[in-house]
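Taking it in order: structure first as structure tokens, then the write-up.
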């Protein structure tokens, strides 16, 4: 039974670390010119990343497309396909370094597979188009007016790279990565994704780690740092999701979801209090530690309950495919099931340990200490 519990908790730790790592990848990138974007996505192929801010009221999309691992003799492109699901019909932003060292950034409409990426206008407005090259990375900046193609709901996008010869882009390679560099993205859904992963999954997972991993003496104080790491990452990503939601609300004055917005503000406030409470955390033997623990646990569980409720409200607002709601409910149900049986097993271990220590306690030991602290002295 103990081995099963250890396996479950190990998987929980690995999941938390995986979510933390993936959540921090493109989101921690700092642009040299201090541009700030509301969201980003690590694209699955060709070492590429997309950063953006979307104004829903004007259907204006500000983007920065980063393509790493390229040389000065490469071109890169990022495109939206408003009418299809692949390369043909895509409206592309292209950039490469010219022989004189300057960057050329332009637009091209891809009408067939034999395209030469000739310069031309797109089916939507493009402004502030520019590009940079540094440290084997090309970045394209642009502002897109998407009202003419119906906004930014479930947009097909394509990204690509290739070689430049004689100042002219050549055909891209036919490798698996090049052929699969296409996907769909909903620029409005990022708020929901950030909050579902951070507040809705990582927060409960971090609480599970804290409550059940510390029962093992060998896990002290590792469980504490894993807990703090998981919850801190959840808070940082959650704040990004919260800020995105506030921005979406300010840009959509005629659309109000009072309950969802109110719970979100309460969550942000309680989460911030939890973070700052760490600065006032007494030592385990301090006389006020009992009250701090009561506060920390009460607020923590309140945040988890409100987070799950608000994620479900957000799903109902965005109305994605039902499989996403079922998937989230499945994750929460799995966490709840594990928490239920781990709770019982934890009490079994603690009570058994107390009985064992009570039988072996020396008569002169009058201070009631058994040498075990459920929390690290940090």
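Glycine is no exception: its Cβ is also placed from the backbone N, Cα and C atoms.
Positions annotated as signal peptide by TrEMBL: 1-23.
Sorting the domain 'DOMON' (46-162) by DSSP state (H, G, I as helix; E, B as strand; all else coil) yields 3 helix, 66 strand, 48 coil. Annotation source TrEMBL lists domain 'DOMON' at 46-162.
Taken from TrEMBL, the feature domain 'Cytochrome b561' covers 155-351.
Annotated transmembrane segment per TrEMBL: 188-210 (among others), in sequence order.
The annotation heme b binding site is assigned in TrEMBL to 191, 227, 260, 296. Sequence-distant contacts (6 or more apart, same chain, Cβ under 8 Å) of residue 227 (heme b binding site) comprise 206, 207, 209, 210, 213.
Marked as transmembrane segment by TrEMBL: 222-243 (among others).
Listed as Cβ neighbours of the transmembrane segment (263-280) (distance under 8 Å, sequence separation of 6 or more from its ends, same chain) are residues 195, 199, 228, 231-232, 235, 238-239, 242, 245, 292, 295-296, 299-300, 302-303, 306-307, 309-310, 313. As annotated by TrEMBL, transmembrane segment applies to 263-280 (among others).
If you look up TrEMBL, you'll see 292-315 (among others) marked as transmembrane segment. Non-local neighbours of the transmembrane segment (292-315) in the same chain are 191-192, 195-196, 199-200, 203-204, 207, 257, 259-260, 263-264, 266-267, 270-271, 273-274, 277, 280-282, 324-325, 328-329, 332; each lies 6+ residues outside the stretch with a CB under 8 Å from one of its CB atoms.
Look at TrEMBL and you will find 327-351 (among others) tagged as transmembrane segment.
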Next on the checklist: For a quick check of packing: other C-beta atoms within 10 Å of the C-beta of residue 260 (heme b binding site), how many?
Outcome noted: 18
